[in-house]
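As annotated by TrEMBL, ATP binding site applies to ARG30, ARG52, ASP193, LEU194, ASN195, ARG199, SER200, ASN211, ILE212.
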Amino acid sequence: MSDYDTVSADVEREEEIPEDHPRYQDLLTRHRIENGVEKGITHLQGMHAEGRGSAFDYLLGEETIPSADAAERAGAAHLLLADRPVLSINGNVAALVPGEMVDLADATDADLEINLFNRTPERMQAIADHLSEHGAEDVRGLEADARIPNLDHERAKVDEDGIYSADVVLVPLEDGDRAEALAEMGKTEIVVDLNPLSRSPRVADVPIVDNIIRAVPNVTDHARELADADEETLQEIVAEFDREQALEAAEERIRDGF
Ligand code: PTJ
């Protein structure tokens with residue numbers, strides 16, 4: 001099968017996508033986003049976001065590069081060290097990695113909070129139900145009883161006992177203004193974004209330049225492996241991680257292919 005062979009757009013279940021297809025991960029991702037749109041979870045704009053991400057992933061070689069793995073390990077250490085870690089979920093994240101986010105929350109004792117750019121009560125509820133179907137017991141974000149300062153759109157709406165009071169926040173797949181506002185609030189931010197030039201990874205303490213479908217399970221694996229590590233070991237992992245170097249390595253891979 002060549003890279004140009006395609007799989008029918010009529011695929012109804014992801015099990016129908018052949019795992020030996022050379023672009024399997026990309027087809028799976030597209031299928032999950034389409035499904036998300038059909039279910040009212042993902043906004044139509046999420047398809048554009050996915051297209052952008054997919055182009056960067058192609059240039060990265062559709063693999064977790066060593067600097068991304070180091071970032072994923074540092075992200076796991078931050079989440080384990082945190083007093084109040086929160087994993088933020090938007091419509092793309094909910095469609096692509098619902099069970100994986102529940103698993104990461106479980107491994108790091110973090111809360112899940114829905115936070116949408118295109119916020120409607122219907123989408124909030126659809127995503128909360130979808131996460132519950134994937135095993136989430138408690139999903140935050142629906143209360144929206146606090147606001148992120150200096151942000152004048154719907155993403156400012158957060159839960160007082162969730163993102164608002166979190167010390168470490170995982171912020172996947174979004175543009176940079178909320179990431180900047182959260183940084184101004186003094187939070188430690190772990191950002192997942194395939195574009196190393198995007199504003200959100202550039203303001204992150206830990207920029208993870210990797211596809212979320214690979215990144216989240218890998219952060220969880222690192223967290224499980226580090227579950228019994230003492231605080232000093234976790235602090236060392238955090239201190240050794242170099243965010244500038246991680247961004248540079250990703251950009252170099254994209255520009256030069258190595
Ligand atoms: O669900 P909502 O209403 O909150 O809206 C969510 C979207 C994603 C539509 C909204 O946040 C948006 O428009 O985001 P942007 O500005 O398109 O930014 C999304 C970023 O995620 C881009 O830099 C993409 O390269 C990146 N991205 C897309 N897909 C993936 C990804 N990064 C990692 N893994 C992916 N699968």
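From the backbone N, Cα and C atoms, a Cβ is placed for every residue, glycine too.
In terms of local Cβ density within 10 Å, SER200 ranks first among the binding-site residues ASN195, SER200.
Candidate binding-site residues: ARG30, ASP193, SER200, ILE212. Those with a Cβ under 6 Å from ligand 1, in sequence order, are ASP193, ILE212. Look at ILE212 (ATP binding site): DSSP puts it in a helix. Put simply, the two farthest-apart Cα atoms among ARG30, ARG52, ASP193, LEU194, ASN195, ARG199, SER200, ASN211, ILE212, the recorded binders of ATP, are 24 Å from each other.
Cβ neighbours within 10 Å of ARG30 (ATP binding site), excluding its own Cβ and spanning all shown chains: 19.
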